[in-house]
Amino acid sequence: MTEVVPSSALSEVSLRLLCHDDIDTVKHLCGDWFPIEYPDSWYRDITSNKKFFSLAATYRGAIVGMIVAEIKNRTKIHKEDGDILASSFSVDTQVAYILSLGVVKEFRKHGIGSLLLESLKDHISTTAQDHCKAIYLHVLTTNNTAINFYENRDFRQHHYLPYYYSIRGVLKDGFTYVLYINGGHPPWTILDYIQHLGSALANLSPCSIPHRIYRQAHSLLCSFLPWSSISSKGGIEYSRTM
């Protein structure tokens, strides 16, 4: 497709689910967009299997973009991404995995990728409601265009995956990117626990614990977090009448 795309193209874009008749077109598009070769069974699955959310963006009848995602229980997350969610979430908590998101070159920077991503979020809110806590994906470390796209939409790098991809016999590194939704979050780190302790101390009334113990805990915390907002200069004031 080499036609000049008008700036108003997004207003003419329609969305529909992929179907079996789209297989040849989708194969051609994925060959242009991605360096990975997918088996024929993959194309059959994403165009026919209802477990996939496979949405096409069309312009004047032609597919110019698509997103393929799967909403699944957290127990089905592959081992390398098993810590996307904190262990406190129940086993029936769901996540959404983006298998593919692409837009025809001439139609990029027209908002079509964002439209497809927002449509996935709408689908999640309708089907999984608040049971889905994260949307995640994998991307080549060298794919700066995709990385910038996701980072600009609040996805954050979660893992570095060395030798994750095999492309024409050559091993390539990847990243896992995650967008947390509906209160989802990763496991806490040591820094998270320290910051939580700092917040808890900041909310305590000094009169509720012995003055001396409070001062010792406060000093210890500040030694870990010199930037802490509960410093004695700008934080809690002590009463001299305690």
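The backbone N, Cα and C atoms fix where each Cβ goes, and this holds for glycine too.
Matching 17-60, 149-192, 193-236 against Swiss-Prot, the residues noted as intramembrane segment span 193-236. Summary: among the modified residues (K79, K105, K109, K121), the fewest other C-beta atoms within 10 A of the C-beta are counted at K79. A Cα-Cα distance of 18 Å separates K121 (N6-acetyllysine) from H138 (active site).
You'll find the Cα of Y97 (active site) roughly 9 Å from the Cα of H138 (active site). H138 (active site) sits 14 Å from K79 (N6-acetyllysine), taking the CA atoms of both as reference points. Counting only the Cα atoms, the space from K109 (N6-acetyllysine) to K79 (N6-acetyllysine) is about 34 angstrom.
You'll find the Cα of K79 (N6-acetyllysine) roughly 34 Å from the Cα of K105 (N6-acetyllysine).
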